[in-house]
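Report on the following structure.
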């Protein structure tokens, strides 16, 4: 078709184009005709600046449409956009770009629709029709991006006098907006207001939805204490900075003051007091930081990295993080991607539940590590705690509360510091980082509270070489603590240590006093035989069990160990590793299961069923299956019946290709469902997919894969829904129902991935 391009001088150029031509192609055609380099061209249609990677049809540009050509002002510039998760996006813009243009660029980079974006600069929300220069936004300025949530609601604000104020708000209102509404109602200036929710001081720039404040939530209003004070900040170089602060200043405020004095950006600062990393949203008074206290300043390690988070549904999320990110930050990033509130998230790594205030580097989580995400069970319950004096305390808890939370509740009721509490259930000492549900503590269970004996003592540890190590311990130290002390002295990892006393191997969760180990007792240290190893078994409830095994153990042996720990009969256990169901008679080494591998435990559903498999020749095969059978199992049954090797089978249900490691129930395949069997063309191959951000993804495909299959693989890797993906090859947009071979896409071809504009054609 023909289109016209009108320049500012009034000249009109005629171009021959196709709807699938990209803006980049159009600029190349203009360069051919007029000699203007593409990087100096800006094309405008219907008041919108057109982006290089998009096509004419994306913008509904039809035959004889007229585009306007504007030459770029020299003075393109970079700006930064900071999200609530702390991630910073860099954008190439011009002073004349509208806020709408900027939101479109953010959509291209992050996939967030413009109508869900609110941009804030200098405390002001920016309007779509205005330009960056209208707001005096200059190069390297930082905008803040807040996500809009839909729908108004009422909340309550309770003052210290007991008065309750009702406010009309939206989830996307900032705390600053809320304070302005309070000023309208009560006349209290915003800078004298501190708002508290769930024990946390709320920050001006954050929104109600950031804090999970929902309809009819109650905030508490506290007036700021007047009264400044000095504190000191000590850097790693030994330099001490003096700051003027107020007890009500947030850690974020303090970091801003440090930036003013020292030029260190807040996102590179970590502040430590009393051994604890301080969180941005808390105040100095929350941490009991008083006049002339000294904080320690540590610079964040540079070096972003990717980690993976695996959910119980098998979905894997990729996150951009830094080693210095706290677990709380990671949960906020997961909330941004998946919408799961942080208080419903439990993150597990190496079998351990991760605590909010600790950092990734504290847990030695490195690039491409995989965390496991378990959702907290809803549903409060009462438990009882019995003290040695016979007194019984009643506590309101949730199954997902950690032992640490429970000790804090006991401290609230009884005033006993957590570090003096030991909680016992079913004869076992409970560990701080574990949850009530990990120990199967249910409603109306009774825990026993024992106070830790004060008073350290020395014990000796004798190694097989005859060397004797002296340790300072307390009777209430766990065996795990003792192993950590040995690691500090001797460098032997705890998982290679076995401690023996009175002929008995000591268990990690028990204490020295449980074994009657007294001062000057001698323990014997034996190193674990190589070949002995730990593996993890993850259940569908998210619980992780640790087993001591050897590579030569059979799957049958492993099931027996699980029965010992969990009481589940072996014939109800199915173990899955690397997407494969493990057979009883084989060994761990047969499956290349190594130390710290994670197996998945699925309980067998009682009740087989029949399904049908229809081939391209029209033949229908009947199979006996269970909902818990994997697709791999089904292919093996087809091989038994028809002799077709599994690697030549592709199974389709409801238009979707089924993956080997998933089960029939994952795909909601029920009795008498019909699957379709397609034979694979020989010849898997790799192709590349390049995104507009420049990232390249590698995919394993076959020439017979449909474009729909390819989009599903991209979703698995990148989390981008297929309906937001457009794939371009050789300048053409690829259609879902066609195959790679239809488009002559061969091994190592590169496709281009463009995100769909909402409402595009």
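Quick reminder: no glycine exception, Cβ is built from N, Cα and C everywhere.
What you see is a predicted model, and the numbers here were worked out from it, not measured in a lab.
What Swiss-Prot annotates here:
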| type | residues | note |
| --- | --- | --- |
| CROSSLNK | 6 | ubiquitin cross-link |
| CROSSLNK | 11 | ubiquitin cross-link |
| CROSSLNK | 27 | ubiquitin cross-link |
| CROSSLNK | 29 | ubiquitin cross-link |
| CROSSLNK | 33 | ubiquitin cross-link |
| CROSSLNK | 48 | ubiquitin cross-link |
| CROSSLNK | 63 | ubiquitin cross-link |
| DOMAIN | 1-76 | domain 'Ubiquitin-like 1' |
| DOMAIN | 77-152 | domain 'Ubiquitin-like 2' |
| DOMAIN | 153-228 | domain 'Ubiquitin-like 3' |
| DOMAIN | 229-304 | domain 'Ubiquitin-like 4' |
| DOMAIN | 305-380 | domain 'Ubiquitin-like 5' |
| DOMAIN | 381-456 | domain 'Ubiquitin-like 6' |
| DOMAIN | 457-532 | domain 'Ubiquitin-like 7' |
| DOMAIN | 533-608 | domain 'Ubiquitin-like 8' |
| DOMAIN | 609-684 | domain 'Ubiquitin-like 9' |
| DOMAIN | 685-760 | domain 'Ubiquitin-like 10' |
| MOD_RES | 65 | phosphoserine |
| MOD_RES | 76 | ADP-ribosylglycine |
| MOD_RES | 141 | phosphoserine |
| SITE | 54 | site 'Interacts with activating enzyme' |
| SITE | 68 | site 'Essential for function' |
| SITE | 72 | site 'Interacts with activating enzyme' |
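Using a 10 Å Cα-Cα cut-off from residue 68 (site 'Essential for function'), the recorded positions that qualify among 6, 29, 33, 54 are 6. Most Cβ pairs under 8 Å to the domain 'Ubiquitin-like 6' (381-456), among the stretches 1-76, 153-228, 229-304, 533-608, belong to 533-608. Recorded residues the residue listed as 'ADP-ribosylglycine' and residue 33 (ubiquitin cross-link) have their alpha carbons 25 Å apart, per Cα-Cα distance.
The Cβ of the residue listed as 'ADP-ribosylglycine' has 14 other Cβ atoms within 10 Å, all protein chains considered. Taken through DSSP, the domain 'Ubiquitin-like 4' (229-304) splits into 18 helix, 28 strand, 30 coil. Here the Cα atom of residue 141 (phosphoserine) is found 37 Å from that of residue 11 (ubiquitin cross-link). Under the criterion of 3 or more C-beta pairs below 8 Å, with sequence separation of 6 or more, the domain 'Ubiquitin-like 2' (77-152) and the domain 'Ubiquitin-like 7' (457-532) do not qualify as touching, having fewer than 3 such pairs.
The highest tally of CB pairs under 8 A with the domain 'Ubiquitin-like 10' (685-760), across 1-76, 153-228, 229-304, 457-532, is held by 1-76.
Of all Cβ atoms in the protein chains displayed, 14 besides its own lie within 10 Å of the Cβ of residue 6 (ubiquitin cross-link). In this structure, residue 27 (ubiquitin cross-link) is part of a helix by DSSP. A gap of 16 Å separates the Cα atoms of residue 27 (ubiquitin cross-link) and residue 65 (phosphoserine).
DSSP assigns residue 48 (ubiquitin cross-link) to a strand segment in the three-state reduction. Separating the Cα atoms of residue 6 (ubiquitin cross-link) and residue 33 (ubiquitin cross-link) is a whole-number distance of 13 Å.
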